[in-house]
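First the structure, in the form of structure tokens, and then the observations on it.
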Amino acid sequence: MAAKTIAVGEDELVACCGSTRFAQELAKASPFSSLEEAIAAARDVWFNKVDVNGCLQAFSAHPQIGQQTPSSSAHPTSAQWSKGEQSTAFATATTSSLQQLAEWNARYYQKFGFVFLICASGRSTEEILAELKKRFPNRPIVEFEIAAQEQMKITELRLAKLFSSKAKETSTGDHYPAAVAKKAEDRVSIIGGHLTAASEVSAGKTIQAPSRTRPPITTHVLDVSRGSPAAGVEVYLEIWKGPHPRPVFGESDAGGWVFQGSSTTDNDGRSGQLMSIVDVVNPGIYRISFNTSKYCPTGFFPYVSIIFEIKESQKREHFHVPLLLSPFSFTTYRGS
């Protein structure tokens with residue numbers, strides 16, 4: 001018997017993620033043989049093909065957290081799902097907490113230019129408010145990356161709901177096994193559990209890490225002097241293989257670095273694939289270098305190198321190293 005597949009269209013996918021670019025690209029990859037396949041494709045599209053404007057479009061489709069009034073740009077199904085996702089928050093809300101949320105939402109929007117985004121499923125109003133206050137001091141680029149991660153969590157949950165609904169529809173005509181619909185429903189619960197992975201780890205539970213859909217080391221360059229992504233910046237990735245366990249400050253490290261991959265930032269400032277997509281990255285000390293002199297010949301820095309270490313316990317993590325660049329300064333941090 002041929003494997004059964006589920007096809008999804010652009011309109012349905014806009015409800016899962018408000019970015020039209022996301023919906024277009026994921027619809028091209030349809031149909032999918034499983035929800036897991038769809039989620040893997042969705043992650044690839046969101047993190048590698050959707051630009052800054054596409055992300056902001058997706059963010060704008062969400063209502064302010066703590067409010068039931070849908071965004072004017074929200075898909076009707078998206079608005080319905082938003083209410084369900086905030087059900088715990090509304091059930092635990094008080095007049096005081098809702099007032100605080102409204103005040104902090106306004107402060108957040110004024111600072112960052114987009115709504116505070118968090119996967120609200122199963123979270124109380126107090127939990128959401130605490131997270132909003134915690135993230136408020138972040139730099140805009142840091143907060144943008146966090147919001148993009150939260151958007152992907154929400155999208156995963158909604159894809160699971162969409163697959164559950166479509167599987168039920170097709171199962172009534174005996175063209176699709178009813179067991180598949182049940183599996184999709186179960187996946188909703190599984191994803192919900194995945195979103196609280198951090199608390200489960202702290203409780204000593206073992207979490208099965210999902211397969212990667214992008215390289216374990218990525219970067220993103222923004223030109224803060226122009227207020228736009230920095231396109232055309234050459235990027236090199238290397239790993240330390242010198243005579244010593246690690247490079248020593250003040251000593252020559254000639255010949256100690258081994259080339260891993262290179263790329264050039266695209267119009268969104270993303271470097272693309274610097275290394276292969278592997279579930280487990282080799283622990284070690286890495287150096288990522290940016291050819292800033294070619295991008296800005298009159299700048300102060302001929303090139304910028306950032307050195308970081310991936311430990312044995314971190315080999316399944318993702319390492320995102322954004323660079324904020326101006327002619328006479330640069331700032332970096334490790335993203336999730």
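Note that Cβ sites are derived from N, Cα and C of the backbone, with glycine treated the same way.
Per TrEMBL, substrate binding site is recorded for His220, Arg270, Tyr333.
Each residue in the domain 'Oxo-4-hydroxy-4-carboxy-5-ureidoimidazoline decarboxylase' (12-160) has a pLDDT score, and their mean in this model is 87. Look at TrEMBL and you will find 12-160 tagged as domain 'Oxo-4-hydroxy-4-carboxy-5-ureidoimidazoline decarboxylase'.
According to TrEMBL, the domain 'Transthyretin/hydroxyisourate hydrolase' annotation covers 217-335.
Sequence annotations record features per position, and here TrEMBL assigns region 'Disordered' to 65-86.
If you draw a 10 Å sphere around the CB of His220 (substrate binding site), it holds 21 other CB atoms from the protein chains shown.
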